[in-house]
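Chemist: I have a structure I would like to understand better, so I am pasting it below and will then ask my questions one at a time.
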Amino acid sequence: MATKLRTLGPKAAAALDEELMSTGAFSIDQLMELAGLAVSQAMYAISPPSKTPHILVACGPGNNGGDGLVAARHLFHFGYKPTMYYPKQSKNELYQRLRIQLEQLKVPFTNDFGDAVQKNDYIIDAIFGFSFSGEVREPFPAVIKALAENKKPVLAVDAPSSWNIESGPPNDGPGKGYQPAALISLTAPKPLVKWFKGRHFVGGRFVGKEIAEKYGFDVPSYQGSDQIVEVEGLAHEEITNFEKSSVSGRFLSRYMSTLRELKVFTNLERSTVKLGTRLMSRTASSQINAVDLAGSSLTQQPNLPSLLTLPDELQLMIYKYCCPTHGVLSLWLASGILESELYTFHPESISRRLKSDLRLLHICRRIREISRAEFWKTTTVIFDIAANGAIYDYRAAVESVASRLPGALPFCKTLDLSCGRFPICQLPYQRIHEEYTVLSANGWAAVRIRCGRSLGEMQRLDEVAPSPWRPLRRPCLRCGERKEVMMRKLETTMLVIRDEGISPGRLLEVVDAIL
Ligand SMILES: NC(=O)C1=CN([C@@H]2O[C@H](COP(=O)(O)OP(=O)(O)OC[C@H]3O[C@@H](n4cnc5c(N)ncnc54)[C@H](O)[C@@H]3O)[C@@H](O)[C@H]2O)[C@@H](O)CC1
Ligand SMILES: [K+]
């Protein structure tokens, strides 16, 4: 679904619930059953039990928690093994019955949230919904903090718990930085979805158009017998449109003539970021934590790299473009080539085990259109550029690292390095192909050097140990003074799926087929 759905504020949402239960003649049990069923269907759509059997369902004291209790029962019958965390149990008879239903199915309840996070594959956040307000009170701060900081993917019910329903993610407190992989909005999205970056579903296939009109929200078009529909994230048709429009001559001439490239670019960038986020939420259980999508032109001109990592990894959330000029941008639009890489990237973790999924590799190879899917060894040179605001030409440092790497492809003579949207140093690329990709983030710059041969399956690096930080003294391009910049090196294994001509839509299909 490409259209943006209207949202429903907390007061309107509460009033709607009231109306459904009075004029609408629904009982709370019914509404909760429908909500919980929708949550369980969203979970299934994201990751079936064959992939992520163990689901931790965290339930809060209110109806949001009730949705979690219902969802767990459905998940059990779908073949998952749910575990419940329900620290503040309500005396209300409805919740008691929902709990007894789970106990009769021998669904375990735990008090140790941290331990349960470790033991489960996916977490459902049914702690607070649209009635949450103010600061998070006990016993939930530690739980919210664990949700924000843990490495397991989370599906949030109606709202990421601790987010303000109107104004989104908190600036501080335990929920700071909390960005779940997926969200299911019940009945209608709440205003906070504006800040949400993951896969987004809506559930609530029981409200008529009339009531939706009265409350000013949209009923999305549900398919088949589904209780849920995926919205806003890049749905397939949207990607296909994006792909079509980015290659069509008519599109090009239209935008060329009106010089609206920058706006178009922003849209493409947003789409790419959404695609990346979605890819990550689908690959979460295979421990691939980064996606790098790069469009390059037919003539190997500078491209549009976009690297995303899961928010728990250094908060590296990057979308960078190194082609701010009209000409280069148009070239990219004309080409429609997309390189895509899924890989593991753990810059800060020492000796962390990486399990790049071999199965992923094998399946990729079986898919005819993918001509190359292989492991590559990469070395990333990371600069801490936040420290003194200096602007450097990093080439020499990167070249010296590259010259000592066995099998590194001939290092090209020029590189582009930028921090976020701000160019640090910009030099023309000679070739974009193979040798390196430049990545950047707030306060960090990373130059990735890919080695010249792909690794055999058994040679993949399972341990990642970044070198210690080392100071470099380099003249600042801005003031000419020699200033210190910290540098370190990191070797990783990268799973590269690459094919000239693979479109974002096709890529998603491939990922679907794999997972
Ligand atoms: N329209 C729908 O589709 C339906 C939605 N339902 C669910 O009901 C939710 C709303 O339920 P409720 O109104 O019961 O409220 P919530 O479940 O959103 O949360 C309220 C509970 O959290 C506590 N709380 C609020 N702020 C807190 C804070 N800062 N620290 C600690 N505790 C806090 C409150 O004391 C209360 O117990 C929705 O978000 C949705 O998940 C369904 O169950 C019913 C139908
Ligand atoms: K929630």
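In case you wondered, yes, glycine gets a Cβ from its N, Cα and C as well.
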Chemist: Among Asp17, Asp29, Asp158, Asp172, which residue does TrEMBL annotate as binding (6S)-NADPHX at the site that also has Asn63, Asn64, Gly65, Gly66, Asp67, Gly129, Phe130, Ser131, Phe132, Ser133, Gly134, Glu135?
Modeler: Asp158
Chemist: Where TrEMBL shows Asn64, Asp125 binding K(+), which of Ser22, Ser27, Ser161, Ser162 is named for the same site?
Modeler: Ser161
Chemist: Closest of the binding-site residues to Asp125 (K(+) binding site), Cα to Cα, picking from Phe132, Gly134, Asp158?
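Modeler: The smallest Cα gap between Asp125 (K(+) binding site) and any of the binding-site residues is with Asp158.
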Chemist: If you average pLDDT over the domain 'YjeF N-terminal' (13-219), what do you get?
Modeler: 94
Chemist: Rounded to whole angstrom, what's the largest C-alpha distance between any two of Asn63, Asn64, Gly65, Gly66, Asp67, Gly129, Phe130, Ser131, Phe132, Ser133, Gly134, Glu135, Asp158, listed as binding (6S)-NADPHX?
Modeler: 22
Chemist: When DSSP is mapped onto helix/strand/coil, what comes out for Asp158 ((6S)-NADPHX binding site)?
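Modeler: The residue in question, Asp158 ((6S)-NADPHX binding site), is coil (DSSP, three-state).
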Chemist: Under a criterion of Cβ-Cβ distance under 8 Å and sequence separation of at least 6, what residues of the same chain contact Gly65 ((6S)-NADPHX binding site)?
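Modeler: Correct list: Cys59, Tyr86, Ser90, Tyr95, Ala126, Ile127.
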